[in-house]
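See below for the structure under consideration.
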Amino acid sequence: MKQFVSFVKKEFHHILRDKRTLFILLGMPIVQILIFGFALTNEVKNSQIAIFDQSNDVATQALRSELNASRYFDVVKDIHSYPEIEAAFKRGTIKLAVVFPENFANDLDHFNTAQVQLIADASDPNVANTLTNYATAIILDYQDRITNSRRLPYTINTEMRMLYNPQLKGAYSFVPGVMAMVLMLVCTLMTAITIVREKELGTMEIMLVSPMQPFKIVVAKAVPYLLLSIVNITSILLLSVFVLDVPVNGSLLLLILESILFTLTCLAFGLLISTKTDSQQTAMFIALTGMFLPTIMLSGFMFPIENMPLPLRVISNIVPAKWYYYIVKEVMIKGLGITAVWKETLILVGMLLFLLVLSIRNFKIRLA
Amino acid sequence: MASVVANNLTKQYGKKKDLVQALKGVSFEVEKGELFGIIGPDGAGKTSLFRILTTLLLPDGGAASVDGLDVVKDFKAIRQRVGYMPGRFSLYQDLTIEENLEFFATIFNTTIQENYDLIKDIYSQIEPFKDRRAGKLSGGMKQKLALSCALIHKPSVLFLDEPTTGVDAVSRKEFWEMLRSLKEQGITILVSTPYMDEASLCDRVALIQNGTILSVNTPDGVIASYKHPLVAVKDDNMLQLLNLLQQYEGGLDAYPFGEYHHVVLKDGYTTASVTTYLQEQQLDHVNVHSIRADIEDCFIALMKTESHEHK
């Protein structure tokens, strides 16, 4: 036991003395949460639009101020001809152009119908889609108000409720994603590297010719990173609750326990990598391609898994982050308990055991 | 009882195409409390041999034991009792001297205080710098620290793989003095080195080349086994001289040796016959004198015979 404690102490010395790495390890989650929270977001806000108003009447004026008042749009430009629209798009100054034909209000009043054209920059199809949807919604809203007096014979009213995330905030989905990513990075990458480093430096050679059991060496290496991960989980949760207003709806204890389970799975994976590689570069490369990329692409955090072709959907099942991401969403955002995530938890436990057994069996008690 | 026994050890690396035979049937015995040198050029198989004896590698054939324990079966027990210092400096560079020593003491279930006597002579030299990180030490200091760490658990057998490679002459001398005093404490020491001049400092030496042991003997025994007359020759133009000497019919071998060329003579030839030969070649004032072979001459001779037998 004294051996073990001494080894863990030594590992902490390594980590604490490498100030740069420590800074990255502890700073990374904070920076990521802040970047995802404030800079990188797929919510559309304050898009610059132009209006080509050939009618310039009561109705178009009203619509224009409605558009401008919404938080999605900023009217930055008035346009007076079609070629100007094209030019503005090419310059990239606007994302959407709204064209009112002549006699807009007149047509609306007398023929009960009028047309408005929305031209969007579809070089980014998602944004173009979102923008035209928002604009259409605002225009329909205006139409509803003016037809209120004149009752239509049949109407169907759609009533929408966005559950768990009524404000449709992106933070609700990326906080779990960032948690998965950070834990993965710290645990898998760092454990793999730290063990391989001992091989590279030759200290593993001495450690092997010592009474310390190889298994203890490995566990002792993992302990500091487990603690570091708990610090990271705490800082991510604090930031998301107090800075991004993402609440922890479910049990905090369950959330932390699940995070520790995921951390252990990542540690076991890092361990497995370290048993198979002899240089830090290889270890880093394998950890990044084998764990980091799948975590980003196949966990459902960036791209919805449901939309993927079957082979990718099948592969996504072996990515631990997919299950962890799901669990965090259920527990943190939906506020569900263990009854809702026991299956996913079992899968993670299974993965942990599998990786652990595999890496212990692969751990070399000799040099070759 | 012999402390270390190697019996026909073989080890090879690589697959069929680029197969390297690192050890080709190595056998020797080291007595308890002996300072045993394994001497040979780079690539001779020294490190492979040490790794097999320290249980880090499995031999492909043959058997070996340390303290009567089999290196394959009883590897755990061997790891409890040997000290090992690999060729490369292998301590934690970001820990201080004291932290390194303390760490290794704990790993081997002991404390610095318990065995301080053993390492006192060595450690006291670096103790003034105990708060300095190991990565910032000079070569000689690193080596003293590594030796202290390998000794801290009072091993019964100490394996030192090329401890003096890359260390300055003064530190090398100091290091060998330390080994002699460790030997007094009854520790069996196996040390490998590519420097032949260090052979005379061992109790017995094994000369290894291309994975084969050429001879195991005491340094004096090695010298005594040298049978041919040997002369040292010196002139202004050493290169021309060497060419001439290598063509000399009475010579078995001629090679540069420090500021002289050494010429191994066939039986019956003497210093005088060399002088006569050189005078015939219009070299009149050459310094030629007979010398006693030292250990390096013996090894050069042994290596030559070995490689001739292979051809």
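Note that Cβ sites are derived from N, Cα and C of the backbone, with glycine treated the same way.
Copied over from TrEMBL:
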type: TRANSMEM; residues: A:21-40; note: transmembrane segment
type: DOMAIN; residues: A:136-366; note: domain 'ABC transmembrane type-2'
type: TRANSMEM; residues: A:171-196; note: transmembrane segment
type: TRANSMEM; residues: A:217-244; note: transmembrane segment
type: TRANSMEM; residues: A:250-273; note: transmembrane segment
type: TRANSMEM; residues: A:285-305; note: transmembrane segment
type: TRANSMEM; residues: A:345-363; note: transmembrane segment
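By the Cβ criterion (distance under 8 Å, sequence gap of 6 or more), the transmembrane segment (A:250-273) is counted as touching the transmembrane segment (A:171-196), at least 3 such pairs being found.
Against the transmembrane segment (A:21-40), stretch A:217-244 has more CB pairs under 8 A than any other of A:171-196, A:217-244, A:285-305, A:345-363. Sequence-distant neighbours of the transmembrane segment (A:217-244) (same chain, 6+ residues past either end, Cβ-Cβ under 8 Å): 4, 7-8, 11-12, 15, 25-26, 29-30, 33-34, 37, 169, 171, 175, 178-179, 182-183, 186-187, 190-191, 194-195, 207, 252, 255-256, 259-260, 263-264, 267, 270-271, 359-360, 363.
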